[in-house]
Every structure is written in structure tokens, then in C-alpha cells.
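Note sheet for the following structure.
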Amino acid sequence: MAPVGVLPATGGPTKDFGGRITSSVVVTCVVAASSGLIFGYDIGISGGVTTMEPFLKKFFPSVLRQAGAAETNIYCQYDSQLLTAFTSSLYIAGLVASLVASRVTAALGRKNTMVLGGLTFFAGGAINGGAVNVAMLILGRILLGLGVGFTNQAAPLYLSEVAPAKWRGAFNTGFQFFIGIGVVASNFLNFFLSKHPWGWRLSLGLAVVPAAIMTLGAALISDTPSSLVERGRLRDAKQSLIRIRGAGADVEGELDDLVRSVGAAKAADREPFVTILERRHRPQLVMAVAIPFFQQVTGINIIAFYAPVLFQSIGFGKDSALISSTILGVVNLGAILVSTAVVDRYGRRFLFVAGGLQMLVCKVRWIRRRVRYNSENRGKCILI
């Protein structure tokens, strides 16, 4: 969120002022959500590329030597600090960028922040595709990570501020939907390109295609009314509302509401990170931290980032590992579609409970099978 405290200032209007799903809303939201396509592509591509022999031979020959050694444990095949640096540099850079992204988004606007993120995505993909040494690989991943930090801040905010209040939940899941498409696309590409000596270059370099599309699209769309009001551009904010809300909407009422909300936030004149630590906001702060924290510790990121490596480490062949990763991506995409269809009808809490129960049941069944068929690891299974 932009640094305007915890008041309901810029997440969209505080009440429903009407409006329909216009063509302008659809186009702008598709462009914004498409930044998730690049993120999903980068999530899925690295795991598959690190299983390609030509890639390992050129940049990480020690991994190949470990794989060829008869005494090497299959789980330790990818035990390489340099390979880990290649993979993790994107996420470290994304973490750093996310710390300043809210201020950048407030100062430049949602649209310009997405353009900035798209340009860094493009540069990172181009450098990775043309890399001749590990330093270029890591530099490219760092640039991709910066793009992740900026676009993951700006795009969901853009979606929530442009979408009609009635359909805000469905539009917000559009970002996650495009992430799912990106993961599936990267897995398909890895599978078909893995047999080509230069397949890894194509897999890494093709990230420039969605980056270019998103950057050009973001440059052509207008900024959100909330962002324009924040920066004092009231006339532009009104024109933006007219375009995205269509005939019959209370544009003047929504604009007045945005002006009041932004004014109240600025009048508070306090740092948002100071405000959110106040006792009265503690329950919301705890939930805002706990939900993503527990989502991460379920281990989903291991599956998303390293699925091909994980499958290969437990005995799958290279092709089987890539196919299995693709199947996981398709299942995930299907689940996102279901969420999109029901989120505004049943609410966010229902999806949290349903998803949590499903994960719990699957974990319990997995532990029971491990205890039954692998009793020597019973303690570890129960702990997991």
C-alpha cells in the first residue's frame, strides 16, 4: 500500500458508487494483472533450467560432477552455493525493492511504477538470455527481482483501485491468475526446450516477451483515480473515473469520497509504520503478518520454485520431473479459477478456511502414509 497510514484512503472508494465492468476497466486490469505473468514465469523457469545439462555444464560444472559421482547422495546433487546464489538472488532483490516500493508507488503513481518494473524485467531477461558467465546470470536475476518488488506492489493496488467495488475480489485474483499462467507457460517451455543445447537461453531470454507487452501496455493506460488524487491531479482523476465507471455511475460522489479519504490520511501527518504499530491496529497487524507467514511455511515456495529439481532429486527422470511440474502448475491454475469465481460470493474468509482445511487433510494423510510405510523416519514425518 501507499504510505498513507491505515486509513481507507487509497484502496478504492470506501463505499459502492455504482459503475459497471466497462471495456476500459477490463483492458487496464488485464494490463496490470499481466505483470503477474512475468513473476510466474520467473518462478517456474529457474527450477527447470537448473535441470538442463547444457546450462549446468556451462555455469555450474561442479553440480554435474556431483551427479556423476556414484557415491553422491541424490539429495545432495544440487548442493552448490553458487547455484543457490543464482536462484535466490531474484528473491533477495525483490525483498529489498519491496521495502521502498510503497514510497515509489505513492510518488510516481501505480502506472509509472509498473512501467519501471517492466523495464527492469526486460533488462533482466535480456541479460539472462545472453549470459556468458555466472556474474551476468546473477545480475539478470537481481534486475528481475527489482521488477518483482515494484510490480508486486503496484499491480494489486492498481487492480483494487480500478475495479468496481462489487467485483473487486474477482479482479484482485486476476494477478494471481496470471502468475499461474506464467508458471504453466514456463514449465511447458522448459519441457520442450530442455532437449536443445541452447534451450536454457531461450527459456531465460523469452522473459523479455511478456515484459515488453506489459511495459508497453502500462505506458498506454491511465493511472488510477486514487493515485491521481494523491498527487493533486483532480481533473485527471475525474476523467479517469468517467472512463472506467461508465454511464450511470456517481462519479462526483466517488471523487469527493477519494478526496476526503486522501485528505484525512494526509492530515494525520504520521509515518504509516508508526501508525500501524499502535495498540488499536494490533489485531489487523498480526493477521497481516501471520497470513503470509504461515502461507510461506507450508512449503509452497519449495514446490513453486524448485519443483523439477525436487522431483528429480527423489528419483524422477528429467522429462518426468518437468511433466510433473507442469501438472502441478495446471492444478494450481484451476484452483485460482475456482477462487476467482467464488471470492465475491462467499468472501475471503471462506477461501482461507477451505484452503487451510484442504492442506491440513493432505498433510495428515501424507504423514500417515509415511509412518505406515517408512517407520524408521516416523519422528521426522510427525514433525513435518
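A Cβ is built for glycine as well, from the same backbone N, Cα and C atoms used for every other residue.
Of all ranges given (171-192, 347-368), TrEMBL attaches the label transmembrane segment to 171-192. Among residues of the same chain six or more beyond the transmembrane segment (285-309), those with a C-beta under 8 A of the stretch's C-beta atoms are 43-44, 46-48, 50-51, 78, 87, 183, 187, 190, 276-277, 318, 321-322, 324-325, 328, 352, 359.
With a threshold of 8 Å between CB atoms, the same-chain residues lying at least 6 positions outside the transmembrane segment (138-159) that come near it are 1-2, 10-11, 28-29, 32-33, 35-36, 38-39, 42, 46, 85-87, 89-99, 101-102, 104-105, 110-111, 113-114, 116-121, 123-128, 131, 171-172, 174-175, 204, 207, 211, 214, 224. Highlighted: of the candidate stretches 82-101, 113-132, 171-192, 321-343, 113-132 has the greatest count of Cβ pairs under 8 Å to the transmembrane segment (198-221).
Across the candidate stretches 82-101, 113-132, 171-192, the maximum count of CB pairs under 8 A to the transmembrane segment (321-343) is reached by 171-192.
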